[in-house]
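Database features (TrEMBL):
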- ILE9, GLY10, GLY11, GLY12, ASN13, MET14, ALA69, VAL70, LYS71, PRO72: NADP(+) binding site (BINDING)
- ASN56: NADPH binding site (BINDING)
- 6-97: domain 'Pyrroline-5-carboxylate reductase catalytic N-terminal' (DOMAIN)
- 162-267: domain 'Pyrroline-5-carboxylate reductase dimerisation' (DOMAIN)
Amino acid sequence: MQHKFITFIGGGNMAQAIIFGLLQQGYPAHKLMVCDPNPSRRDIFAARGIMVSDNNIEAAIRAEVVLLAVKPQMMEAVCLPLQAVDFSHKLLISIAAAISLQRLHDLLPSAANIVRVMPNTPALVSAGMSGLFAAPSLAQDLKDFAEALLAAVGKTCWLAQESDMHKITAASGSSPAYFFAFMEAMQLMLMDSGIDENMARLLVQQSALGAAKMAEQNPQISLSLLRENVTSKGGTTAAALAVFNRCGLDDMVKQAMAACIARSQEMEKLF
Ligand SMILES: NC(=O)C1=CN([C@@H]2O[C@H](COP(=O)(O)OP(=O)(O)OC[C@H]3O[C@@H](n4cnc5c(N)ncnc54)[C@H](OP(=O)(O)O)[C@@H]3O)[C@@H](O)[C@H]2O)C=CC1
Ligand SMILES: O=C(O)[C@@H]1CCC=N1
């Protein structure tokens, strides 16, 4: 992939996951810059040979690609001073949840080339999942660059319509947290039953990893069949799954994802 000069505005959790993932894939540190007001955040990137700054305007001016990685509620305060920068020949990538293309155009009127991305933190270990959206008028080479950037740290998909970004947020951006919560609950139960914390974690994380790998490596087998293959009639798994069914797991997951989508839609109006 091309190695354009990228300035990240915001050096928090998600920026770190993408940047460290990119470094692992050989993206040159001297082509990356991170702007964050927090010195301890800047130190994390400087330690990896990445240029750091607390001056968003200067850092944006020197970039070919500016990647906005601040919280949605900070977006307006961050963008208004950036209006001093001419974005007309730069690629602007926003990973912020719920901030629409129209809102980005309003906040940075000189930005002609914008891609919205919804990534997730497994980018850190090259196992990210990102949804991308851009206006149909965006030049193909810029779309290709944005896709290659995220493809370097995981898998990607382009959305046909921007409104689907809310669903992508529920499906990938937020979803690692659902799986962590599930693993936490399993670990807790094991610890309550007397299993040592580290062993409980190993048992849970290795089983989660194995299940995800089996799903990935057997695309021709439905998730239902993968589940059934574990479930002996009248056996132990069936006993566990019966509890999930009784407690309404499907409905709970549906409600949780719907809440995520609703919050994203609400935040789109707020910020
Ligand atoms: N975390 C995730 O899993 C995902 C996050 N996202 C999106 O990524 C974006 C960032 O999220 P996340 O990394 O979790 O958030 P963080 O709070 O971890 O990171 C945001 C960073 O921006 C810094 N910041 C605050 N003000 C400025 C400023 N004026 N200029 C530059 N940097 C500033 C913050 O510093 P300080 O803390 O000192 O305020 C913080 O270090 C959000 O919009 C979120 O929706 C998308 C997908 C997944
Ligand atoms: O929780 C959030 O709002 C962000 C967006 C997706 C993941 N984290």
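Cβ coordinates are placed from backbone N, Cα and C, and glycine is handled just like the others.
Keep in mind the model is a prediction, meaning the values are calculated, not measured.
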Checklist entry - Over all shown protein chains, what is the count of other CB atoms within 10 A of the CB belonging to ILE9 (NADP(+) binding site)? => result 26
Item to check | For ASN56 (NADPH binding site), the number of other Cβ atoms found within 10 Å of its own Cβ | outcome: 23
Next on the checklist: So, three-state DSSP: helix, strand or coil for LYS71 (NADP(+) binding site)?
Outcome noted: coil
Checklist entry - Looking only at GLY11, LYS71, the binding-site residues on record, which one has the least crowded Cβ, with the fewest other Cβ atoms within 10 Å? => result LYS71
Next on the checklist: If I take the alpha carbons of ILE9 (NADP(+) binding site) and ASN56 (NADPH binding site), what is the distance between them in whole Å?
Outcome noted: 7
Item to check | For ASN13 (NADP(+) binding site), the number of other Cβ atoms found within 10 Å of its own Cβ | outcome: 12
